[in-house]
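Record features, source TrEMBL:
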- 25-44: transmembrane segment (TRANSMEM)
- 102-252: domain 'Glycosyltransferase RgtA/B/C/D-like' (DOMAIN)
- 118-142: transmembrane segment (TRANSMEM)
- 172-192: transmembrane segment (TRANSMEM)
- 204-229: transmembrane segment (TRANSMEM)
- 241-258: transmembrane segment (TRANSMEM)
- 316-335: transmembrane segment (TRANSMEM)
- 342-362: transmembrane segment (TRANSMEM)
- 396-417: transmembrane segment (TRANSMEM)
Amino acid sequence: MKIALPAQIHKKWGESPAPKERMNFASWLLLFCLLIGIGCRFYGLNWDEGAQLHPDERFCVTVAAQLHFPSSISQFFDSRASPLNPANLKDTHYVYGQLPLFLLKIVARLRGTTDLGALFVVGRFLAALFDCLTIGLTFLIARRVFDFQKSLFCSALVACAALHIQQSHFFVTDPFAAFFVTASFWAGARLVQENRARDAIFCGAFFGAALACKISAALFAIALLGFLWAIARKNPARKTVFFAVCCLASAFVCFRIGNPMMFRGEFGFFDVRIEPRYLSDLRMQSAITSGEIDVPFDVQWIGRAPLLFTLRNLGFWAYGWPILLSAGAGIWVLVRRPRGHLVLVLAAVFALTMLGVQGTAFSKFTRYFLPMTPFCALLAAHFWRQIEAKHRVFQLGIPLVALSAAFWALCISSIYGRPHTRIVASRWIAQNLAPGTVVANETAWDEGLPLGNVGVENRLRTLSLETFDPDSPLKTAQFSEKLDECEWIFLSSGRSWQNIPRWPQKWPATTEFYHALFDGRLGFQLEKRFDSFPRLGPWQFPDAGVEEALTVYDHPLVLLFHKTENYSAERTRQILSASANQQNWTPNQALHLDESTLPLPPGF
């Protein structure tokens with residue numbers, strides 16, 4: 001495939017040399033969709049009413065609250081002495097980038113914010129703001145390839161992407177990393193097109209900042225190499241080396257300042273010996289995400305088909321099928337066409353690299369694909385530009401795809417306009433259960449009910465079944481005693497019941513417990529169900545089957561089971577007797593699963 005370098009095209013406007021374009025009905029419609037997406041990011045930022053129900057966000061904000069500004073520049077770079085280094089706090093094992101923490105600390109200080117609850121809202125506002133900036137950068141990148149309307153289409157798709165709207169409601173590192181990756185791509189496109197050293201500096205600086213937010217942004221290096229290759233084709237070797245040095249030097253400086261905890265720094269800025277504690281934490285995190293170490297949140301990946309599970313989550317939930325299929329068709333058109341614009345080629349290369357690496361990894365977190373969205377939008381616009389020229393009817397494609405994205409954006413945003421299901425359940429429990437009632441939660445790895453920080457006094461006697469403990473005769477005995485004693489079983493999300501049965505070799509008894517609980521053999525019946533599925537008007541879209549992290553934080557399905565007169569202690573012990581078949585494997589050894597054997601609650 002031959003690649004058209006931007007130098008061969010109009011300097012400022014890419015393939016659209018006329019800067020003055022009239023707004024037609026389709027353009028106004030796209031602008032309307034764009035504004036819907038932006039509004040959705042700031043709607044309901046206090047969605048959990050201060051209950052702090054996102055564990056990663058709670059971790060990041062709690063760490064940020066304990067950090068302090070250093071007294072000198074030398075102390076800032078000295079990882080052992082810096083009060084801004086999370087590793088100097090007790091048992092943090094913080095492996096994300098420091099730059100988002102710095103931004104939160106700076107804004108909090110400027111606002112005079114010291115309250116932990118207020119820090120959550122400030123952090124979420126920052127995440128939403130940076131994601132809005134990503135929308136703007138997408139438009140600027142698209143203008144170097146498309147006309148005004150299709151550039152507006154690209155930014156509208158990013159604005160209405162459900163994954164971006166959701167992540168804008170959490171203070172996590174992903175929205176910040178996605179912004180800096182997009183900014184680096186924008187600067188790289190300017191560099192190739194306008195051939196200026198300042199764009200090389202910005203391209204590298206933004207890439208370094210992306211790494212300082214999340215080290216996995218290193219995947220973007222493939223696009224960076226593409227820009228440098230294009231520069232080498234149109235410049236003498238000396239100038240190419242100069243641009244490369246500018247890019248790499250600025251990347252190093254921004255990464256060094258934005259994530260100083262990676263280096264020892266005892267002797268200042270240029271002491272770039274790797275900090276052993278950081279390396280140890282990074283290795284531990286790598287072992288967890290690869291399934292080499294057994295942790296509860298890794299169980300969800302057992303039996304998940306590489307790529308197919310990722311594409312399903314992207315299509316059904318994160319992007320919507322119209323965006324994902326349009327982007328895929330854009331890649332297909334790009335491959336078939338004899339010439340392709342460099343921006344589109346690198347967008348396709350980066351998107352396919354992310355899919356190939358993240359989609360086939362053991363841990364397939366959908367939020368990892370946040371930086372890919374602007375590039376999918378570019379590819380989708382490329383597809384519709386090519387196909388609308390073939391028949392007039394295809395001109396409806398762009399507004400229809402944008403409207404479908406806006407519809408899904410409003411469905412997702414409706415979640416943040418309703419009370420959180422765990423909060424509603426906690427209030428129902430407080431109103432309907434007598435003081436001293438014995439209740440059982442599943443595990444300490446999930447939020448127990450009733451929540452204690454939403455103005456509800458817990459007057460119940462609460463047990464924990466500790467379902468994630470490996471099955472054993474001791475666990476079975478304790479499990480049976482707790483079931484004999486409790487009157488209610490609370491399932492505050494699908495984190496346990498949707499995942500433990502994926503590994504029946506490790507949890508044979510607990511798997512059978514869930515089957516018996518749901519089909520009624522255990523002697524408990526479903527008394528109350530609280531859900532908050534995406535919906536708009538009369539349309540509701542149950543999404544309990546998508547990746548766990550897309551639902552369990554902001555709109556988990558809550559199920560409350562009440563003991564009936566049919567409960568039998570002897571039958572309970574018979575049900576749990578399967579524990580003798582327990583096998584000790586690691587998650588990456590238990591990759592095969594027949595999903596038809598998974599238990600389903602009543603009504604599913």
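Every residue gets a Cβ built from N, Cα and C, even glycine.
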Quiz item: By Cβ distance under 8 Å, which residues at least 6 away from the ends of the transmembrane segment (316-335) in the same chain are close to it?
Solution: 1, 157, 161-163, 344-345, 348, 351-352, 366, 369, 373, 376-384, 386-387, 397, 400-401, 404-405, 408, 543, 546-547, 550
Self-check item: Mean of the pLDDT scores, which run from 0 to 100, over the domain 'Glycosyltransferase RgtA/B/C/D-like' (102-252)
Solution: 97
Quiz item: What residues in the same chain, six or more past the boundaries of the transmembrane segment (204-229), come closer than 8 Å to it by Cβ-Cβ distance?
Solution: 95-100, 173-174, 176-177, 180-181, 183-185, 187-189, 191-192, 240, 243-244, 246-259, 282, 342, 345-346, 349-350, 353-354, 357, 368, 371
Self-check item: Top Cβ-contact partner of the transmembrane segment (396-417) among 25-44, 172-192, 342-362 (pairs under 8 Å)
Solution: 25-44
